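Peer 1: Feature list, courtesy of Swiss-Prot:
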- Cys181, Cys183, Cys186, Cys194, Cys195: Zn(2+) 1 binding site (BINDING)
- Cys181, Cys195, Cys222, Cys226: Zn(2+) 2 binding site (BINDING)
- Cys186, Cys222, Cys228, Cys232: Zn(2+) 3 binding site (BINDING)
- 243-366: domain 'SET' (DOMAIN)
- Arg254, Gly255, Trp256, Tyr297, Asn323, His324: S-adenosyl-L-methionine binding site (BINDING)
- 255-377: region 'Mediates interaction with MECOM' (REGION)
- Cys326, Cys400, Cys402, Cys407: Zn(2+) 4 binding site (BINDING)
- Ser391: phosphoserine (MOD_RES)
Amino acid sequence: MAENLKGCSVCCKSSWNQLQDLCRLAKLSCPALGVSKKNLYDFEVEYLCDYKKIREQEYYLVKWRGYPDSENTWEPRQNLKCIRVLKQFHKDLERELVRRHRRSKPPRHLDPNLANYLVQKAKQRRALQRWEQELNAKRSHLGRITVENEVDLDGPPRSFVYINEYRVGEGITLNQVAVGCECQDCLLAPTGGCCPGASLHKFAYNDQGQVRLKAGQPIYECNSRCCCGYDCPNRVVQKGIRYDLCIFRTNDGRGWGVRTLEKIRKNSFVMEYVGEIITSEEAERRGQIYDRQGATYLFDLDYVEDVYTVDAAYYGNISHFVNHSCDPNLQVYNVFIDNLDERLPRIAFFATRTIWAGEELTFDYNMQVDPVDMESTRMDSNFGLAGLPGSPKKRVRIECKCGTTACRKYLF
């Protein structure tokens, strides 16, 4: 029996912080939890729970890191050295007072509902900070990820796993390319047209790494078999996200969104859309479930035929949080690198214009490409595409909230 259980694990019913609380309360050291004899009696402010003012003296109810709520204490302002925690507490307090149509100046005593809100906000912020750390630990790309929610008390999404590349479903194989280019300079002196030429297509980028192909034309990058190195100008998408991005909570009912923290030049690569690769049959089954939930993250890979779909509902990268717009600043391209199966392209987003720091990133879930272009990139009826007359896939009409002057009122 013991041999069968070897290597097994179960989820703990208590959080890491709760276990630390129990250790300190029982005066037990536990190196695995970071509780030792040296820090058993350390006092660090985790967050502030309440506020009051008595005879012009300010007091704060302190939650001490590693200690249960029963050990919270009221402390005068001069005893607290946690400047950032204090500033954040008052920022949250003032914002909530304004939201409740009161003065922004704090009262002498907080009512219980307001104090409870500030506690929940502090707990949420810690949860989002842990999620941000987790995302950055898992990312393989240069661009950092930050997380913000100044709108409501929603925390990290449940059951979402950050991945950097496709997660291949059962029965699906990504075949590795057998040959690569032999170019000395893939941009200025390509041999046989480099990798794009070998597939009878055009070179995709200029010397700044900006795409110069029309939307709908495929991108063929150099692969792991090529003689060129990492700095080759035909290696752009494979280098991953280069910009610092922020996952933020929208204030207009669109849930989470993504904005850039840096200027992005027109035609520059921004991110890939990754998730689970599943068959279209499985996508149809999941799509019916997602429709009932009022959301879907299905993206059909129908560059040549509709056989496979990318599902980013539970496995994906930051593109999972990018919202729709009828006037988007991102454009979809099909990309081929180490796998040349045209039924399984990688999906890349490029900037349609200069995007300034602080702007939200969006793409059109119902994107249409000129049907005259035989190399069309059709994002389908599942994720947003749609446009094929007589498509057998029926989707629930979802109201559009993009708010642009070009808004079509419905996503599908």
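Backbone N, Cα and C define each Cβ position, glycine as well.
Describe each of these features in terms of where it is and what it packs against.
Peer 2: The Cβ neighbour count for Cys181 (Zn(2+) 1 binding site), using a 10 Å radius and every protein chain shown, is 23.
Cβ neighbour count for Cys195 (Zn(2+) 1 binding site) (all protein chains, 10 Å cutoff from its Cβ): 30.
Mapped onto three states, the DSSP output places Cys186 (Zn(2+) 1 binding site) in coil.
The domain 'SET' (243-366): residue composition by secondary structure is 18 helix, 49 strand, 57 coil, according to DSSP.
The local packing around His324 (S-adenosyl-L-methionine binding site), expressed as other Cβ atoms within 10 Å of its Cβ over all shown chains, amounts to 20.
Mean pLDDT for the region 'Mediates interaction with MECOM' (255-377) in this predicted model: 90.
Shown in sequence order, Cys326, Asp327, Cys400 are the residues of the chain, 6+ apart in sequence, with a C-beta less than 8 angstroms from the C-beta of Cys407 (Zn(2+) 4 binding site). Under the three-state DSSP scheme, Cys407 (Zn(2+) 4 binding site) falls in the coil class.
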Peer 1: If we check Cα distances from Cys186 (Zn(2+) 1 binding site), which of the binding-site residues Cys226, Trp256, Tyr297, Asn323, Cys402 wins as closest?
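Peer 2: Comparing Cα positions, the candidate nearest Cys186 (Zn(2+) 1 binding site) turns out to be Cys226.
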Peer 1: I need the neighbours of the Zn(2+) 3 site defined by Cys186, Cys222, Cys228, Cys232. Which other residues of that chain put their C-beta within 8 angstroms of the C-beta centroid, in sequence order?
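Peer 2: Checked against the 8 Å cutoff, the neighbours are Cys181, Cys183, Cys194, Cys195, Cys226, Cys227, Gly229, Pro233, Asn234, Arg235.
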Peer 1: According to DSSP, does Cys222 (Zn(2+) 2 binding site) sit in a helix, a strand, or coil?
Peer 2: coil
Peer 1: Could you check which of these binding-site residues, Cys181, Cys195, Gly255, Asn323, sit within 10 Å of Cys402 (Zn(2+) 4 binding site), going Cα to Cα?
Peer 2: Asn323
Peer 1: Around the Zn(2+) 2 site formed by Cys181, Cys195, Cys222, Cys226, list the extra residues of the same chain whose Cβ is within 8 Å of the site's Cβ centroid.
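Peer 2: Output for this site, in sequence order: Gly180, Cys183, Cys186, Cys194, Glu221, Asn223, Arg225, Cys227, Cys228, Cys232, Asn234.
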Peer 1: Within 8 Å of the Cβ centroid of the Zn(2+) 4 site residues Cys326, Cys400, Cys402, Cys407, which other residues of the same chain have their Cβ?
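Peer 2: For the Zn(2+) 4 site, the extra neighbours are His324, Ser325, Asp327, Lys401, Gly403, Thr404, Ala406, Arg408, Lys409, Leu411.
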Peer 1: How long is the line from the C-alpha of Trp256 (S-adenosyl-L-methionine binding site) to the C-alpha of Cys232 (Zn(2+) 3 binding site), rounded to the nearest angstrom?
Peer 2: 35
